[in-house]
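**Student:** Let me begin by handing over the structure; questions about it come next.
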Amino acid sequence: MSDPNNPNINSRSTPQYYASSNAGQSYTHLANRQAFYRHRIIPRMLIDTNTRDTSTTIFGHKVSAPIGFAPIGINKIYHPLGELPVAKIAKELNLPYCLSTAGSYPIEDVGAANGAGPRFFQLYMPHDDELTISLLQRAHDNGFTACILTLDTWQLAWRHHDEAQSNYAFYHGVGADLGLSDPVFQKRLKEKGIDAKKQPNEAGRCGLIMRISGGKPFCLKGIQSVVDARKAVELGVDGIVVSNHAGRQVDGAVASLDALEKIVDAVGEKTYIMFDSGVRGAADIFKALALGARELGVRHVMKSLLADFDILMNVSGYQSVDQITRDSIDSLPNSAAMIAEKSKL
């Protein structure tokens, strides 16, 4: 959806217009894609792949593939039922689902839609510990088994399209309703004399969320530096997500895949490493796994991706996810201009 070549990108009435808004001149978005072109899969032939296993384990959950639903906010702008059908399909496909703090539906509703599926809760840094604890307790009570704290979004980046159209959805009172459903959040608004329904702009500025995992696995999302990865390990976190927010926060930043290589070399044996940013298909998943990621961040799209990944393992000669290592790919030298991809700007 954030692909600048999407024909709907320039139609301001579509969700794609919002989803495609990258930071600055979209250089980080482009770098994410270029990084995948640098790595080439090495097919194996003398292997019996009639029986394959794409499954893996994440925080004690056996899932059907090392693919997950990353946290995405304001889902109501894409579908009136927001996160609910996505959470339901994640359970159906036995893939991990991560709910964003900026979600459209209450934690309780999303948990019910996900049923017995593996699910995690993503948090944004709050200025109110009571609110943080309330959100995490609700997540805990509704079957969310890990907390993922996002580090890279204490301020939204300069996104040209959003600025030009005043298109910061959080200020319009539509879509980011999860926080508004929290009783502590409602109490804070009342204390400030704010009516969330009558004053959505004011309610949207009351920042949300984070710090304590309540004993559940605790992860940090937005790690791009080896220094930060080592610090995360020192802090004792259970996992990290190597991510640059898909190029929506820092323009001209390192590609997530390039950061992944260095981070895996530094701390790969010490913490669980997840990855997102720039993934478009099964080949991208394969390459990220080969470089050390263990998990990547509707029904038709995900089933197609799962089928694509299974077929790729078959034709490239890999029987299980565990066999995908650095030896499975051939990497070209790092180059500043390997592909030309049309920018949306």
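Here the Cβ of each residue, glycine as well, is placed from N, Cα and C on the backbone.
Caution: TrEMBL annotation is automatic and unverified by curators.
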**Student:** Out of Ser55, Ser64, Ser134, Ser243, which does TrEMBL tie to the same FMN site as Pro71, Ile72, Gly73, Ser100, Gln122, Thr150, Lys221, Asp276, Ser277, Gly278, Val279, Arg280?
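**Tutor:** Looking through Ser55, Ser64, Ser134, Ser243, the residue TrEMBL assigns to the FMN site is Ser243.
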**Student:** Looking at the domain 'FMN hydroxy acid dehydrogenase' (1-345) alone, can you tell me the average pLDDT?
**Tutor:** 82
**Student:** So if I measure Cβ to Cβ from Asp276 (FMN binding site) and keep only same-chain residues at least 6 apart in sequence, which ones fall under 8 Å?
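**Tutor:** Correct list: Ala70, Val241, Val242, Ser243, Ala246, Ser256, Leu296, Gly297.
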**Student:** What three-state class does DSSP give Gln122 (FMN binding site)?
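**Tutor:** SS state of Gln122 (FMN binding site) = strand.
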**Student:** Do you know offhand how many angstrom separate Pro71 (FMN binding site) and His245 (glyoxylate binding site) by C-alpha?
**Tutor:** 10
**Student:** Counting across all protein chains shown, how many other Cβ atoms sit within 10 Å of the Cβ of Arg248 (glyoxylate binding site)?
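**Tutor:** The Cβ of Arg248 (glyoxylate binding site) has 24 Cβ neighbours within 10 Å.
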**Student:** For Tyr124 (glyoxylate binding site) and Lys221 (FMN binding site), what Cα-Cα distance in Å is obtained after rounding to a whole number?
**Tutor:** 10
